[in-house]
Structure formats: structure tokens, C-alpha cells
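J.: Pulled the feature table from TrEMBL, pasting it below:
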DOMAIN    63-133  domain 'YdbS-like PH'
DOMAIN    251-328  domain 'YdbS-like PH'
TRANSMEM  12-34  transmembrane segment
TRANSMEM  46-64  transmembrane segment
TRANSMEM  160-186  transmembrane segment
TRANSMEM  218-240  transmembrane segment
TRANSMEM  363-393  transmembrane segment
Amino acid sequence: MNKRRDNFIEFIYHTYSTVKNLFLPLLALAVSLIGEKNHYTPYVKLGFYILIGFIITFSFLKWYNKTYEIDQASIRITQGVFAKRFKDVPINRVKSITASDSLLKRVFNISNISLELIGGDEIRFVLSNKDVANIRRDIFKSIKIETPNKRANQFGFKEYFLMSFTNIGAFLGACSLSFTFLSFALHQYLKFIGEDTDDRSGIESINSLSTLIEDPSIVSMLVLIAVSMVLAVAIIAYILMYPLLFFTYSNFHLGSNDKSIHVEYGILNKKSYHIPKQQIRSLRIIEPMVLRWFGYAQIKVDNIGFRENRTAAIMVCPIIRKDKVDSLLESHLQQFQSQPLCYRPIKSSIINYMLCRTFKLKYILTVIILSFLSFYALYLTVLIPVFLFLGFLKWKYSALNFNSDYLTIRYVNGLSTVTLITHKKYVETTTTEQTFLMKGKQSSHYKVALYSERLEEVYGIRHLPDRMGGLFLKYVR
């Protein structure tokens, strides 16, 4: 194949995204601080235009200098602006293909394609859909993707409502839109009543607020107004969450054959994942608290080479009833099976779980130091019941089991319960720890390290009974 470049749309899209996401907010902040009629404003705008010119030039050179060749044996890539880098990747190092697009790219019939390599690296191209299909065929020519008659699964209002409590990214996006709407409405209201303050700079506004805070009689009113604003933003954000989640997860489709699984979802920003089953290291059944109350869960899979800085725990199903998880595994992920979790922390360890998390030295020192700066820092002690509750959840749901095929560990991450099922061949080491006090209670801490591209990926359960410690230590032999 001859040398090629990404589609020219990628240059335009990258330039637009960089300006929108970075420099427009900086310009808005600068203008808000110095005021719209300040004599420094023209210089700020001039600097902004120079930066935009630099971004356009840099983006063009970055697009133009990135070339690649793909053949049956390897992928050769050249890229760089100030210093050129050359990379030659054998085809057999590619472990999965991810394709995604947006509404704009769909109009031009192009897609993003990411080739994930064994070891955790990633190669990304922007190609026409025809080229994407050819690359899929050439690299994974031995894997046939089956398309069932039922093209997609549509979630109902209840599922989208429950997902709104678990998708932090969508909630932050909705909060941003909500805050923008409230700011515009407040600005228009102030103009209507003749109280518009456009001539006041941001620094003057901050100084006025500082003066108000010095008056103790006004602090409670300011707190009430702030709480009301937060509630208003949250309410509007949750109203906006439904269309955001609908555009994100609509047209969800999960397909599989003997060698691979295929996941596809989205309308405006369509995503597609193609994963060979032999590259799947472990399965995660995630139960955020709200979903657990209603009997739902999420399912993700980890590829070999799963890294902490990737979103690589790929979403196989964003929401599913717990009683249907086994059916999904039988249909698409036959290499995994759920098993009962037999080993749990001893009952007497509940106090340790609750107090150890709550009264950590770093938390105590933080409150003490902040209290010297402001008396209001002592209000942080109201969080003690929250930490006690999180410790209780950790004790209640932590569990472990293992057999000749899988090691299953359940742990708590915030308010979510995660059940991690890993093939035995990906377990690197098992460890037990026991203090002098734990010896009398016949309990130990159990830890397991998994094969990963992280420096270490270790999971542990504290205060489990000693009776299976010997078998646990011999598990990887």
C-alpha cells in the first residue's frame, strides 16, 4: 500500500477542537477578569489571534507529516513536526480494533480507527469507511464478524434514568449546559430590571464578594443562595441527561462468534469495538449503588495489557438486569462463568473496616491544618458518617473465591461494587499478610497481582479467614 495520510477533515476537526476546548475558555476568563472595556483587552485579543494562527500551522504540519503504510506484514508510521518519529509495527502485534465516528464525520463517510497493540500501545487513523473495512479484513482476516437479525437493543426510560446516576462524564456535560443556561437567564433578567453589570470587571466582582463574606450576618444567606444554585443546576442537568445518554447509548448492539465479540452504540458519536476473545483477560460486573437497588448491573471486559490511563475496560453492556448476566455470558462470553463468593471478611472486622478508612492520619492532619486557616474547616467533620458508611459497604460486599479456572474477587470502589472474574493464567502472584493482632483472630489480608501493563495491578481483601490461606498461596503453582 502506498503512503497515505489521515483524511483532511481530521486537520480541520483537530484545529477546531483545540481552539474550542483550550483557548476560547482562556480568552473568556481573561476578558471576564479585566472587563470588556479595559484598555488591555485589544492586546489579549491580539495574543489570542496569534495563538490561533500557531495552532492552525502546527495542526497542518502535524497532519501533513503523519504518513503510514499498511501491508500484510506490518504497519509503518512516520509522524512529528519538530522531530520525526518512525515506527514499524508487525501485524501480529495488533490485538483489537476500535472504530468510532461523530455526526460530522458520518456526513463525510469517514471514521476514527484505533489499533490496540499487545503491550498497551495504540495507533490511531482517520480513514474512509471503505478503508476501515479493508483494514479490518486484512488484519483480522481469520475472524468473521456475524451480524444477527436483531440489529440493536433499545433501552427504556427506566434504564436511561438509572444510567444517569452512573455516567459522571455525561452528568458533568449536562451541568455545563445547565450552568450556561442559568447564566444566560440571569444575565437577561438583570438587563430587564436595569441591574446589568457588564461594565464591572471580574476582579471587582470578586472584591465585592470578599467584602460581603466578611459580614457574618450575610454568610448564611450566601450559603443558602449557593445551595439553591447547585440544586437548580443539578435538576436541570438531570433533565438534560436523558437526551445525552440517548445519543450516547442508542442503537446498542452486541454480537459475537467463536473468536471475537463486537460492540457498537451511539448516534452522534458512534463507537464500535472489535475484540478477539483470546485477548480478554478478565470480566467486570459493576454495580453502582443506584443500579444495585433496582437489580441492575454493568458489564465491562479488560484486554490483555489493560492500563490505568486507558478507558480500556470496554463497556460490553451499559445496563442489564442481574438475573440476565449469566444468559449474556452464555451467549457472548462463554469463557467466563460467575461463581459463588464463599470467603468473606470475619464479622469482628467490621469495626476495623469502618474506623480504618475514617480516621486516616492524612485526613486528620488535613482538617487540623485547614482549621488554622479558617474555622469553617471544622465543618468537614460532618463527613465522618459518610466515611463510616463507606467502610461498612467495603466490609459487607468484599469477598473472594477461586477454582482451577477462575479467580473471582469482589471489592468496593466508592459507592460501586465490582466483581472481577479473571482467568487463572493471568494471575501472577498471590500473597497473604498477618499482623500479631490478626493471628489471634485467625484472619489475614489476601492480595492478588494480575498480569497488566501497570507497574503493578493488585487487588486485596482484608481480614479473611485463615482456613484457605495455604490453597491461596499455592494457587499459581
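Glycine is treated like the rest: Cβ placed from N, Cα and C.
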J.: At a C-beta cut-off of under 8 Å, are there same-chain residues at least 6 beyond the transmembrane segment (160-186) that contact it? List them, or none.
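T.: Same-chain residues near the transmembrane segment (160-186) but 6 or more away: 229, 232-234, 236-238, 240-242, 244-246, 248-249, 288, 290-291, 294, 296, 298, 318-319, 416.
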J.: Which sequence positions outside the transmembrane segment (363-393), separated from its termini by at least 6 residues, show Cβ-Cβ distances below 8 Å to it?
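T.: For the transmembrane segment (363-393), the far contacts come to 350, 353-357, 412, 414-415, 417.
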J.: As a test of reading the model: what is the averaged pLDDT for the domain 'YdbS-like PH' (63-133)?
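T.: Result for the domain 'YdbS-like PH' (63-133): average pLDDT 78.
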